[in-house]
């Protein structure tokens, strides 16, 4: 054989198992094959069929496999880049196809004289000398033997730089770059060295130095491919302990060569490389990333030190190194197949070396001789049992399954791994394709002994007893030495009359496989692998068990390994998984491989298949490739290759329209072609074939739950829900492991899952032609009915009061460390599922008023529903309760039955109750479902009165018949200007100050979507009639349309010149109307975004617009005080409605279009939409009406005003029906839900309120409080009474404890400015804006005197000691003294300047102090009318003054927000009290002068300690400015009056609770005063005001009166809370 030209070279890659002949003169030479054990003909022959068992002739598939093989030649010493390449080196494809098989085998004698064997290759790969290290190159030079480059069947890019070796040796500093020397098969599995003899290595050139230098250079240069960089880094770390791997250095050397190769190819690839190239590159990257992580974990110093001592850990490293090597090898071969013909390779030329014909001829001769052996005929003649046998079986798409194949090859070459490998996977996961590919890879490495592919399509191929004889016959052909030994054994057996085909399987295995293998492979250093695919397709199950038992339990010779695949059928799975440790096979479950890895491989497959029909598709898609359809196919395939293959066969079928079939998959839920259903049918027929009726029933129950379950369930959940033992559940799925993933025994908490959704489609007859008579056919509604009934059975059995054994109601759930464990133990998974899922199953049942679930539901809500809510709260799912109850209610409403309708109404009310609980802080502590929410809930919600009978121990509160607390408050986080509800009632939209439109779930208050686009405040939002679109108007002068489902912006409507204040959509959704502060009303086409018409007529800003229900008319309200009605199609003004005296802020049509409602300042007006006549004017007395809305039936109007008041009015009578309190700032928008049961409001307080409307009663609420601002109030001496005066002109007397109205003193003709009690409490004096002082009998309320003389408002009145005289001060500048008995004016004193409204007398009446707007306080002597002191210090006007009880101090409150305490004698400031953020309207000293209270416009009352000057208390609760404050005589209570028309009494010592305050806001939690960690109760502030408020006397319908602070009995709360529940008999 001639020597190869050293100037012409190619890279060595793709090696089979190697045994190096260590002989003199052959150092650093990698053999392409192991040495021939004997010169016998045909030794180690694979013949021209290249591993195809059962045939001695080369097939086209075999020759294709040969051409795909990378050969392993010998290296030449100093290759340099050729100056020119002969043109003959590029062989035409047709020439290559005719090349002979290319197994490069040399005999021992030939190896001594010929140093290289180069097999046929299309091109010659370039030099990578720049990667080689100096020591290896020098060693090669010393041996004077060539180092051949590696022959590849594909080319490497021409522009990869090649460094001249001689120059490299001279210029390199740390590691001169030299030609590569080693890339070959892995070392022998035993771990023995196959490298050059160690004794011939120089100490200065350790074996690892060149490898490390090579890898270090690649690591620095591999930025183009990070997975390679990280992998190389991990390997370099391992080399720190190179001496531990002396026996495996060949593995590292081969890996270094592979690393150089992949780096060279990937660095040279252009940006526009084809997609197929990138797919295969990415497949390698995913595999390397995983291996790099494993290597990284083994590279720290401590692990390295352990590796130096541990052989076991060293072998793990070697295994990882081999996996990396094989992964690169597989991927690079596939990549090189792709790049054929690409421009960046076309100018690369090379020269093919001649193949060695003589060794091949010798092998062919041996194979031919072996095939002629008559003895082997006794092993039968099964056809087409092996891989690559011309059937339709296909290999994996190039580039896919790289990681899996690397794992398999690593197992195959390592004798320390298990002798058997079981690859399992459910039907369609691609097991056979993996087997085919694995066998092909083994064949190329000469590791494949024989293979057998079982198949139900053939009697022979499904016969277990044919497997071993066929394997033996094929192995004899592949390995002549085995054939010789087998022939000898068969001759003996046949001579004794033993037919090998009739032997028992254990005997077959012993005589046909084990015995000849022991003889043939005794001294072999390379492994031989047998492969058996699809064991589950064998028909004889008993024989199959025999086969498995003998294969797994009998350890073969070290060189022999067996690879098995099957579905995870229990018959096969159990012996595999239960095998003893020594014989336990290595396992890999295809269905357990990470989904993203499988998905990437399926994507490769789909793109590969589409290439077959790419031309018409690319024409149809005009270069937009790959389109969405390709991605949808991948998604629809899940993890099943068979689905992808079925779809691709359907698309690529030449009989159909490829383009149209492909387009069917534009939708992600496109149907899957039915080809897979025959597979499912065969599996189910086998599973149901031998079952008893009871077993079939259990199996159908399990399948029904499998089909309709809302999520995959565990074995335990199946058992609990179906009330069946675990062993029964497992038995039901025993025969379905091919299509259903069932966890192994002992792992009952793991999930039972289907592998692909198409199985469910098959079971439910959705897309199958399967007759419904089959026992596995599932009727979905019936299945849902079964599961729903099981859910209720489970809940009724398992749910109970205090299911989680919560020890105390004082603690929040989050503070209970034992709660998670208790929940886990007491709410098992199947009960969780029942609680969470019953309503969804119920909603899928066909409505039937006689359905048993109607009665079950009725019983459930009597009491058990509370325990369900409790459990749901413990599962952090309480917000799902209301949607669940609404679903159940909707299902009942479909029955059209009276009883069902009643139950449906009860369920909705129960939903309102649970929303009241779940959306409130009470849900933070589960016991407060009962102690707080049930205790405070109004009686009309759910079955509250009946439920309370079971809970006599819960606190009691007096609630109002017209309940006004919101069910839910949604924190928007920005001032809300507009709200709207979708037509189905499921979504709420809001527009806010921050320019955002938000979508909320109306049933649980969660944010669904945030729509960004406006640049300024969003003033108005409106849904289309179908709920699919939303319109918004903004201060940025635009109107925007939104696709609600997609969350995307549609048309932007521009035309307004000022902010858009209001938008409305017609019912059809085709037209939109907008109003603006530019005074125009514009109508738009929503489809095109075009402006259709501009309606001009309003003379000032338009604040509101609305469509009539028929979409013909538009109403607009304007700042010009008018409402105008338009026919927008004609552009004509129809009516101008006049009557408002202020700007019209809101307009709306009734549902029937007959009426128009409009809101303005303090009034709502109702107009006839046809005639324009005013039908009703409602005086709301609540400020400007920002919003008005008709109820669906037109009988009620909802109004929202600037005072934060939401009210419901009767249209016919104009009476107030109900007031809703909860907002603390202006209400800007309010609407009804589509079913009319809810009211939704938006406010400038940043919240959306959701209210229950069903409690509204058509009865006028009786209000006893003042109807206007309260100016003055005073306690009686004993504190039993309170006297107050108001702007409403009334003086009223109240019970100081209960707030009951005792007397109504009506006589003043103007507002009352001040009231005071005589020292004995028998008389009341009041000063008024009518300039009079009136004296009243406290007991009878009779007016005793009217003292007239002042010519201006009387600001202050005081009884002199003894109570016989009264002194009054007026704005007319006079101070007058009156006789209380006769009314005679005793004295008039005129001051130098008028008395201010803040004037107050000292307690003895001798002095009067008053403040002025210039910030000065003056003190006067009443008797002499002389000015005593001028107190200066405030920086703004003084609003209020007061004397201390002993008269030594004066307090003044100012617009500057401070309170000054003055010495009355010296006029000096004693202290300045700062804390208020607004003017201070009233100050008052406590009777012992230790404290002072101040009332401010900021809505607070503050109590100050005069000893320290520090703030002692802040009293919050008033929603308006506080105008007065006064202490009780004993100093334990304070009364305050406000512009919100309420009097509040604050008990500073007597309450049994205190309010929790966070960031100056009361949360509603009532805490124990002695231990503020104890949560006594949660109560909305509308029911229990912030402590220490103990009494509210209200004249405001939006603020309920309050007179019964809760008292707590610790017998049924706290540690005794369980006693609050008493089950009724």
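Glycine is treated like the rest: Cβ placed from N, Cα and C.
Segment annotation: TrEMBL labels region 'Disordered' over residues 22-68 (candidates 22-68, 69-115). Sequence-distant residue pairs (6 or more apart) of the repeat 'WD' (1263-1304) and the repeat 'WD' (1095-1136) include fewer than 3 whose Cβ atoms are under 8 Å, leaving the two stretches without contact.
A mean pLDDT of 92 is what the model gives for the repeat 'WD' (1515-1549). A Cβ distance under 8 Å defines the sequence-distant neighbours of the repeat 'WD' (1515-1549), meaning residues of its chain 6+ beyond its ends; these are 1203-1204, 1224, 1265-1275, 1277-1279, 1282, 1284, 1286, 1294, 1296, 1299, 1478, 1481-1488, 1490-1491, 1493-1503, 1560-1562, 1581, 1585-1586, 1588-1596, 1599, 1605. Sorting each residue of the repeat 'WD' (1178-1219) by its DSSP state yields 0 helix, 28 strand, 14 coil. Sequence-distant neighbours of the repeat 'WD' (976-1010) (same chain, 6+ residues past either end, Cβ-Cβ under 8 Å): 879-880, 882-883, 886, 915, 918-919, 968-970, 1016-1023, 1025-1027, 1030, 1032-1034, 1036, 1040, 1042, 1044, 1047, 1228-1235, 1238, 1240-1244, 1246-1248, 1250.
Listed by sequence, the residues of this chain that lie at least six past the ends of the repeat 'WD' (1178-1219) yet keep a Cβ under 8 A from its Cβ atoms are 962, 964, 1142, 1145-1152, 1154-1155, 1157-1166, 1225-1232, 1234, 1236, 1239, 1241, 1243, 1245, 1249, 1251, 1253, 1255-1261, 1267, 1519-1520, 1596-1598.
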